[in-house]
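**Student:** From TrEMBL, for reference:
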DOMAIN    2-223  domain 'Aspartate/glutamate/uridylate kinase'
BINDING   LYS7, SER162, ASP163, THR204, GLY205, GLY206, ILE207, VAL208, THR209, LYS210  ATP binding site
BINDING   SER45, ASP130, ASN142  substrate binding site
Amino acid sequence: MKRVVVKVGSHIISDEGKISEERMQRLCEFLSDLMEKYEVILVSSGAISAGMCRVDIKKEGVVNRQMLAAIGQPFLMENYDRIMSNLGKNVAQVLLTAGDFDSRKRTNHAKNVIDALCERKILPIINENDATGIEEILFGDNDRLSAGVAHYFNADILVILSDIDGYYDADPRANKNAKIIPLISFLSQDELNQKPSAGSQFGTGGIVTKLKAANFLLENNKAMFLASGFELEVARKFLLQNKQVGGTLFKKEICKEVMG
Ligand code: ADP
């Protein structure tokens, strides 16, 4: 069975600083359908936004963010657990830092439990352990972590569900003529080194961290698909019907594949 890592940005599951029940419900229905066809691992941001629903602590400053994440993480998991169990699926929480992948021993420990959970059709929900690793709360929003998860846990593809529906030839917020690029097999240093720009108050990654994640996977002969997390139809068609009707697929040697 193929293995898919789905990464969801904080903006997708929160709305004006609150967890959006409706969006989480739609996301969970999608994940539940995917689990019928694939081994699925979810990397979910959103702990800080969830924390902000609970306590009046500002998002500014590293320790404040760590506190908000620590408060919000169990609340976020409670939501996933409730919605997924209504759909007949069990979930498990796994907290990692990108640094865990620097140690072969720690990577193996984590992979063993991920493999066992997938085998039992339980959805692992991964987030950064923000008490010991602060990289993603500062500038990654789990983009980098999810690329590590996809590579080191042997997934076939990483699907990033973002507030943007693909990679454009220019920033679509600044340029209304920007066009989506459906297929990418190579990323230039210029693209990878452009200045980060996050799309929202709750998103922190911006397009650059997604490109870096894609580049890491391309270098390791893996694929990444970037699509909207608000409108799940594109990701649904791509993964469940093998049809690309939108989004951006980052994959090496696309020509060969297309031509069979
Ligand atoms: P998420 O919260 O889903 O992780 P972010 O908001 O951090 O996503 O990053 C996506 C944002 O990056 C988009 O809203 C978009 O405005 C911005 N962006 C800048 N350049 C581009 C580009 N070339 N293609 C797509 N998005 C871009």
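In case you wondered, yes, glycine gets a Cβ from its N, Cα and C as well.
Please treat TrEMBL annotations as automatic predictions, because they have not gone through curation.
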**Student:** For the binding-site residues SER45, ASP163, ILE207, which sit with their CB under 6 angstroms from an atom of ligand 1?
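**Tutor:** Correct list: ASP163, ILE207.
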**Student:** Would you mind ranking the binding-site residues ASP130, ASP163 by how many other Cβ atoms sit within 10 Å of each Cβ and giving me the lowest?
**Tutor:** ASP163
**Student:** Consider the binding-site residues LYS7, ASP163, ILE207 and say which one has the Cα lying nearest the Cα of ASN142 (substrate binding site).
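**Tutor:** Sorting the binding-site residues by distance from ASN142 (substrate binding site), the top entry is LYS7.
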**Student:** C-alpha of ASP130 (substrate binding site) to C-alpha of LYS7 (ATP binding site): distance in Å?
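**Tutor:** Pair distance, Cα basis, whole Å: 17 Å.
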**Student:** When you look at SER45, ASP130, ASN142, which the record names as binding substrate, what is the longest CA to CA distance in angstrom?
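**Tutor:** Farthest-apart Cα atoms in SER45, ASP130, ASN142 are separated by 11 Å.
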**Student:** By the count of other Cβ atoms within 10 Å, pick out the sparsest of the binding-site residues SER45, ASN142, THR209.
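**Tutor:** Relative to the other binding-site residues in SER45, ASN142, THR209, THR209 has the fewest Cβ atoms within 10 Å.
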**Student:** Need one number: mean pLDDT over the domain 'Aspartate/glutamate/uridylate kinase' (2-223).
**Tutor:** 92
**Student:** About how far apart, in whole Å, are the alpha carbons (Cα) of ASP163 (ATP binding site) and SER45 (substrate binding site)?
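**Tutor:** The separation of the Cα atoms works out to 13 Å.
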**Student:** Specify all same-chain residues, apart from the site residues SER45, ASP130, ASN142, whose Cβ lies within 8 angstroms of the center of the Cβ atoms of the substrate site, ordered by sequence.
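**Tutor:** Going along the sequence, the neighbours come out as SER10, VAL43, SER44, GLY46, ALA47, ILE48, ALA69, ASN127, GLU128, GLU136, ILE137, GLY140, ASP141, LEU145.
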**Student:** Based on DSSP, name the secondary structure state of ASP130 (substrate binding site): helix, strand or coil.
**Tutor:** coil
**Student:** Within its own chain, what residues at least 6 apart in sequence put their Cβ under 8 Å from the Cβ of LYS7 (ATP binding site), listed in sequence order?
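**Tutor:** Correct list: LEU42, VAL43, SER44, SER45, ASN142, ASP143, SER146, LEU158, VAL159, ILE160, LEU161.
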**Student:** Measure from the Cβ of ILE207 (ATP binding site) and count the other Cβ atoms within 10 Å, all protein chains considered.
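**Tutor:** Taking every protein chain into account, the count is 21.
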